[in-house]
Amino acid sequence: MASPSSLCLLAALLALDFCVADEHSPVLVNGFACLDPKHVNADHFFKAAMLDTPKKTNKVGSNITLINVMQIPGLNTLGISIARIDYAPLGQNPPHTHPRATEILTVLEGTLYVGFVTSNPNNTLFSKVLRKGDVFVFPVGLIHFQFNPNPHQPAVAIAALSSQNPGAITIANAVFGSKPPISDEVLAKAF
């Protein structure tokens, strides 16, 4: 039989409508411990992210503005995040994977060639050319990419991800930029 204090704690936990991230909690969990609901306010669910503003692209010709639990503590445990991706002409979001999320991408401006590759042994490429208003899904954990094939016009997309902290592993960075590096012998044999 549970004690009255245990039942009160269980009832209080079940009554929570949300679990705002307590970024200062020493408790280590997959995600964040919950902030005391008495200390939660509307700002925990808000960010002036300016997702409508174009962003300067990086050396591969893209810029990802990710809004996850690190930017909006109210996303904790809700299983969702969003990103704006800007692509320069001929820019790309290179092959990468999200170990904790499925992604759904919507093109807002321009054209994108997108695709994902299934796991071994088939390694099948599923790809499409997307135009403004088109939507494409990248299943959780699969390597995928986006490329702007237009040499004259930028492209913009919004991605929703099924995790408050989806993670990202860029394949080339992981394989060729690990610290310490993977030995040349291993890489030569693999490639």
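The backbone N, Cα and C atoms fix where each Cβ goes, and this holds for glycine too.
So that you can see what the record holds, here are the features copied from TrEMBL:
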SIGNAL    1-21  signal peptide
DISULFID  C19-C34  disulfide bond
DOMAIN    49-188  domain 'Cupin type-1'
BINDING   N93, H98, E103  oxalate binding site
BINDING   H96, H98, E103, H144  Mn(2+) binding site
Note to self: Using only C-alpha positions, which one of C19, C34, H144 is spatially nearest N93 (oxalate binding site)? These are the recorded positions in the record.
What the structure shows: H144
Notebook entry, point to check: By a simple count, how many Cβ atoms lie within 10 Å of the Cβ of E103 (oxalate binding site), its own Cβ left out?
Noted result: 23
Next item on the list: Mind looking up the mean pLDDT for the domain 'Cupin type-1' (49-188) in the predicted model?
Entry: 96
Notebook entry, point to check: Which ones in the same chain are close to H96 (Mn(2+) binding site), with CB under 8 Å and 6+ residues apart in sequence?
Noted result: I143, H144, F145, A168, I169, T170, I171
Note to self: Give me the sequence-ordered set of same-chain residues, not including H96, H98, E103, H144, with a C-beta within 8 angstroms of the centroid of the Mn(2+) site's C-beta atoms.
What the structure shows: T97, A101, F116, F138, L142, I143, P166, A168
Notebook entry, point to check: How far is it from E103 (oxalate binding site) to C34 (disulfide bond), counting Cα to Cα, in Å?
Noted result: 26
Note to self: Please report the Cα separation of C34 (disulfide bond) and H98 (oxalate binding site) in Å, rounded to an integer.
What the structure shows: 25
Margin query: I'd like the per-state residue tally for the domain 'Cupin type-1' (49-188) from DSSP, helix first, then strand, then coil.
Written below: 14 helix, 58 strand, 68 coil
Check: Can you list the residues of the same chain, besides N93, H98, E103, whose Cβ falls within 8 Å of the oxalate site's Cβ centroid?
Finding: A83, H96, T97, A101, L105, F138, H144, A159, L161, P166, A168
Check: At the Cα level, what's the spacing in Å between H98 (oxalate binding site) and C19 (disulfide bond), rounded?
Finding: 23
Check: Going along the chain, which residues six or more apart from C19 (disulfide bond) have their CB under 8 A from its CB?
Finding: F32, C34, L35, N76, T77
Note to self: Return the count of C-beta atoms lying within 10 angstroms of the C-beta of H144 (Mn(2+) binding site), excluding that atom itself.
What the structure shows: 22
